[in-house]
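Listed in TrEMBL for this protein:
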type	residues	note
TRANSMEM	A:20-40	transmembrane segment
TRANSMEM	A:47-64	transmembrane segment
TRANSMEM	A:70-97	transmembrane segment
TRANSMEM	A:109-130	transmembrane segment
TRANSMEM	A:174-195	transmembrane segment
REGION	A:210-260	region 'Disordered'
COMPBIAS	A:210-236	compositional bias 'Low complexity'
COMPBIAS	A:248-260	compositional bias 'Acidic residues'
């Protein structure tokens, strides 16, 4: 009896230290990749750092007894979302460029200070979870003594398997949100299709002839307007080069007629 | 005693959320800003899974699943918007989108 208990306590302690080592290594990797994602100058490199960070989050899910979510994280994020990011970056060819080119002076310093303030607030909330009892895989007699909130652990909820437990919850208690999620996904797919449609004339989208835009703006914003005209002309080279010309007395239909 | 209290996970999630927030505030590339939003969503997911383990119920994991679905929908529509914006402005810089009209 007693050797068995001692053995169980020893095994629990070994798994606790294994969790500690895994947490330190993966946590450093996670935080480092997150910071690197923000600091990277190239957007493609940022996306690759995001992949690394998402994999570390998946590893945390596996450590936190959420095996279903660990697999879903890899499939959905690394398999779909980041691929979508990379696809758009490479489709638009906007990988390079400056990382921080804000117009506001002192924006970076203010952002970092705000972030530190938020982090201190969030770290203050975690106070009750720092006790010995908040560690989940300790022997039971040790867990009962410590201060702080007691970690229940998922051994009971995952008794029949994590996938079965989550699936039962999704299709019983949370079936209505689940159906709403399906509708949301359909709407998102339809919205992406509508937004991704390529229009013949940008005036169909902006409700305004492109040649009339510089007339209503000051000289300081003329660069932006010509940049937009250049962007629309870049879609079909040579088709609407006259859009960048100064406004004249032509009405909307004439401009469109020349464009086509 | 070597063990990992739940507070460590919560603190790491808070740090990741902070990094994502600072990234949204600092970066000007809209695509990278969307990536930072993804990072913030993931840190909140990590918090939810941690609380699910602390409380011994699987509801937090189900909520995390729903957040993942919403994140997928958000990225789909957001990147479609970015592509549309790139056709109008020929850039993905957030500072170039300072007018409410095209």
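Note: Cβ is positioned from N, Cα and C throughout, glycine not excepted.
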Same chain only, please: residues at least 6 beyond the ends of the transmembrane segment (A:174-195) with a C-beta under 8 Å from a C-beta of the stretch. Say none if there are none. none
Outside the transmembrane segment (A:70-97), six or more residues from its ends: residues with CB under 8 Å to it: 41-44, 47, 50-51, 54-55, 57-59, 61-62
